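Heads up: the structure comes next, in structure tokens.
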């Protein structure tokens, strides 16, 4: 063994023969500095290599060799790869060389070499290979292998952050067992130097007048303690460890900015170019196809704009509609299967980082038949009678409506009311109320509106009173007065008024006024008042007469006496002229008639132009009351209406006679004529003709009494 005394040793190579402990070597030394120790051990055909033992002089005392590699060979003396530098710090963008040497025994020769890179994420890439086809794409055109004389250094240009990681070397010889991969690796760190710009912009374009901030930023192993200078187009702008501001940016500030370390080195950041930009302008819209389109067609609207940088987003809008058109943030807006709602004016808004610009609206002309035809009534709310009312027919159509027509539904049938867009009532009346609809025609088709109701409000009118059963009624009966009136809205309240003899007022409410058992004191004048929220109206006065029972009896007695006198006169006249009456001569019958046989009956019958009453078969109290003045110039007349026909059927044929008299108190001038029998010709009697039927029994009694 050879020993170096008093010398500074940096690399020591020892060859030891280990017989009993082939895997462990402990060596102590007191040298002031020992940085590398390479130990090559050979014993009985086994090769052991201990390398890369690092220490400092003050720590040198005892070195424990723990990295032992065993090679199974053919008795060769060297299989080794070593790197002169195992940690390298480089700047991004620069060129770096990974130093490497390797050795192998003779007579072998190297046939293939490989450098592979393992990234911090564990991704493996081939940085160099004898077969260039196996090279990873990220290293193409950036590496240079510096081999020869058992050198294996690798040069990498334009360093990138992605190049950081560990690099291993492997070589293969022409012997199948002669393959070697370095157990150690070179660690490569990359420091990046950049120009930072604030605010960030696409394309680094800024509008005139803006403020821009720039700074030099370094990250990595070479950054600590470094100062940097900012350059524009290669001109030093001074130290820029902090923000450098550019106020009122304009064209003179445009250019390429870089950063370099201080003091200057062959290191420079990637250049960043600032440019003067502007917001979008000259924004326009085009429609394809350009001609008018109809419902169901499809169109494309295209938005174009000039901006620096170019517009990066678009939005489409329709005039009169809030918000943008759905799903329209592209330079082209495609509208499929158009309908009438798509008709209108459209515009687009182009945007880039420097601002926005809006195009002028362009009309999308969609032709369609009338849609949404409807009627508008003016004024709104309640419409009173006398108001001016306007009905307007509205319809959406393109081309516009050419012709309108108005209809009023009356009895289920439409009646034409006009052909203008507006139907106007200058002073509306109740008869104008009803159901209306309109039609609209635009040359393509017709649209019909729904029917609307025109309601006209008015105060009650045409008010009247209806009496049931009559205005002249017997005492004790029930009388109902009903108030009838036309009104809209309907009558809300009825008020009844009565004017009694003392001119006092009596009021009651309700549409009907009923007196269950009316008395003579209820006679008088009645009227009703109908009222709604518009106004009120009163009916004409209705006079009600109630006939008392005593008056009826008196009237019946008077009638009885009168009838007796008339009967007596008739009998006398008949007796005197009985034999001279010619029943077949109609002219003589006009002058006189004989007394003929009358059926036995107790009924008296008489006809005149005055009112008729029932004498028998009807109670006296049932005879309607007549005015008092009936007795002043004429005699009362009584006509049997009910039992005359019945008695005739029961007792045979009745013969009639005619008595002619004038409205005079004397009975002498009365003429008696035979009443025509069934089948005979009618008599042409004058207006004063009176017919009287005398029963046979009554006649016999009169004859017996000598009348």
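Each residue, glycine too, has its Cβ placed from N, Cα and C.
Some features that TrEMBL has for this protein:
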DOMAIN    183-260  domain 'Ig-like'
DOMAIN    280-367  domain 'Ig-like'
DOMAIN    370-455  domain 'Ig-like'
DOMAIN    460-547  domain 'Ig-like'
SIGNAL    1-25  signal peptide
TRANSMEM  552-574  transmembrane segment
With DSSP as the reference, give the number of residues of the domain 'Ig-like' (460-547) in helix, strand and coil. 3 helix, 55 strand, 30 coil
By DSSP, how many residues in the domain 'Ig-like' (370-455) are helix, how many strand, and how many coil? 3 helix, 52 strand, 31 coil
So, by DSSP, how many helix, strand and coil residues make up the domain 'Ig-like' (183-260)? 6 helix, 43 strand, 29 coil
DSSP-derived helix, strand and coil totals, residue by residue, for the domain 'Ig-like' (280-367): 3 helix, 50 strand, 35 coil
For the domain 'Ig-like' (280-367), the mean pLDDT of the predicted model: 93
